[in-house]
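Engineer: I have a structure here, written as structure tokens, and I will follow up with some questions on it.
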Ligand SMILES: Nc1ncnc2c1ncn2[C@@H]1O[C@H](COP(=O)(O)OP(=O)(O)OP(=O)(O)O)[C@@H](O)[C@H]1O
């Protein structure tokens with residue numbers, strides 16, 4: 001019997017086919033987004049954050065994802081929201097919103113409060129902690145046991161650079177795929193976390209003390225790192241905690257991971273390297289599993305605890321626990337090493353007790369890499385590349401050029417070298433200064449765009465004259481403060497494009513005529529008093545470097 005379809009049936013059938021075709025497209029789009037997340041962030045980060053994310057729907061430009069916990073929702077929104085959105089938009093340019101909801105609520109019915117829209121990139125808030133209701137679940141991270149091996153590691157060569165880079169200053173050179181492909185270092189080290197214990201954040205096998213290049217700006221930090229790494233188990237720490245601070249890309253992570261790798265190598269010390277974010281996650285997971293006590297107990301057993309990027313330690317409860325652990329470890333003569341992008345005194349979101357404890361050991365700053373250090377890093381990176389590409393020929397002039405042109409930080413130097421090697425390998429063009437000029441144009445521009453900031457001036461001047469920044473912007477008028485303040489205002493006028501009123505505002509709300517008076521005074525002094533003239537020149541050199 002022949003079956004005929006009504007127009008309505010035909011329409012419905014076509015609609016069903018279109019629906020199922022679009023569902024297929026959505027599913028394959030989601031699977032591509034997942035693959036890209038995995039390759040960008042590595043297996044460890046992927047399985048921690050994305051493995052339990054489900055696609056609920058994608059319609060009318062809205063992608064709706066669901067996750068099992070509110071903490072996960074907030075974490076993903078805060079740290080990966082922008083990237084997720086961008087990846088979806090690459091799949092489907094119509095996507096304009098990403099909703100994430102908590103699954104138990106989502107599956108039963110759509111509860112409006114359970115949904116939220118990825119809008120900005122704010123940090124994981126304290127509410128993430130409160131949101132971590134004690135819902136027991138089988139999360140390995142919730143039942144930590146300390147692995148008494150070298151720092152527990154996970155093989156993630158790119159994961160560390162990808163990890164949390166979403167909330168860092170983007171590096172124009174280092175972020176591209178090309179750089180990843182020609183990475184100079186060897187294969188990642190294998191995981192030590194097989195016992196299912198307290199797995200630390202991934203260690204990058206490239207970051208060793210041997211590959212850390214010494215220069216004037218990092219000599220003290222490196223010496224302290226060597227001492228900590230080489231100490232024997234049970235030996236009383238010479239400085240505790242060791243606090244290393246520097247702006248983005250100056251080598252803090254490299255140094256901390258190098259200490260962790262070296263100290264853990266013999267298997268005699270229990271070493272744990274964690275980013276502050278991972279610390280928060282582990283702690284919150286422990287809270288969820290009502291295992292906070294076990295978490296703390298396990299940390300007490302660590303001989304050497306290294307916490308990276310401390311500026312991302314959020315939440316009162318987490319800080320309280322962190323302070324407690326810090327006290328226990330330091331009082332028990334266990335070594336603690338911390339890295340952050342600023343000194344303890346400037347970590348204003350930290351609890352004052354934590355700040356004061358952190359400042360009680362040795363605080364070392366890594367300064368900006370000078371030309372010699374940059375050159376040595378570039379030469380080292382090319383030498384490592386040459387092990388992979390034996391025919392690689394790099395004239396000394398190119399090494400000089402890169403070191404002079406890329407003045408920002410180690411990450412950009414890495415990126416520059418990788419980019420030149422990639423050009424060379426992909427096009428066969430020899431590496432010459434001309435080629436480098438073209439290939440690195442954006443990085444050189446970044447250098448030209450670099451401006452001295454008033455904060456830099458205040459920092460350098462206050463250090464030079466041994467007065468605090470607070471004094472510089474205070475109303476105090478003692479001679480010991482007035483002169484450095486005038487010098488700082490003079491430098492602000494001559495080295496930045498800021499106007500007199502703007503400078504006045506940044507110096508405690510002073511009137512522009514006060515700034516003008518200072519500028520004239522110092523101009524005159526630097527002409528008439530040789531010592532002041534020399535001091536000004538020295539300060540300018542420091543700020544220009
Ligand atoms: N002195 C150095 N010797 C060798 N490599 C260096 C040095 N300083 C920085 N680098 C390299 O620069 C890159 C960035 O360094 P790293 O990730 O340690 O910076 P960071 O200070 O931790 O920055 P962030 O604040 O973003 O974490 C790394 O590839 C690192 O190996």
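Including glycine, each Cβ sits where the backbone N, Cα and C put it.
Note: TrEMBL annotation is automatic and uncurated.
What TrEMBL records for 1-124 is region 'Domain I, interacts with DnaA modulators'. The region 'Disordered' annotation in TrEMBL covers 1-20, 115-198. The compositional bias 'Polar residues' annotation in TrEMBL covers 1-14. Feature annotation from TrEMBL assigns compositional bias 'Low complexity' to 123-145. If you look up TrEMBL, you'll see 238-370 marked as domain 'AAA+ ATPase'. The ATP binding site annotation in TrEMBL covers 249, 251, 252, 253. Taken from TrEMBL, the feature region 'Domain IV, binds dsDNA' covers 425-545. Annotation comment: TrEMBL describes 453-522 as domain 'Chromosomal replication initiator DnaA C-terminal'.
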Engineer: Could you break down the residues of the region 'Domain IV, binds dsDNA' (425-545) into DSSP helix, strand and coil, giving a count for each?
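Structural biologist: Output for the region 'Domain IV, binds dsDNA' (425-545) reads 90 helix, 0 strand, 31 coil.
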Engineer: Mean pLDDT across the region 'Domain I, interacts with DnaA modulators' (1-124), rounded to an integer, is what?
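Structural biologist: Summarising the region 'Domain I, interacts with DnaA modulators' (1-124) by its mean pLDDT gives 68.
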Engineer: Ranked by the number of other Cβ atoms within 10 Å of their own Cβ, which of the binding-site residues 249, 251 ranks first?
Structural biologist: 251
Engineer: If you skip the near sequence neighbours and keep only those at least six away, which residues in the chain come within under 8 angstroms of residue 252 (ATP binding site), Cβ to Cβ?
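Structural biologist: 244, 245, 246, 308, 339, 340, 366 - these are the non-local Cβ neighbours of residue 252 (ATP binding site), listed in sequence order.
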Engineer: With H, G and I counted as helix, E and B as strand and the rest as coil, say where DSSP puts residue 252 (ATP binding site).
Structural biologist: helix
Engineer: Per DSSP, what is the residue tally for the domain 'AAA+ ATPase' (238-370) in helix, strand and coil?
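Structural biologist: Helix, strand and coil residues of the domain 'AAA+ ATPase' (238-370) number 65 helix, 24 strand, 44 coil.
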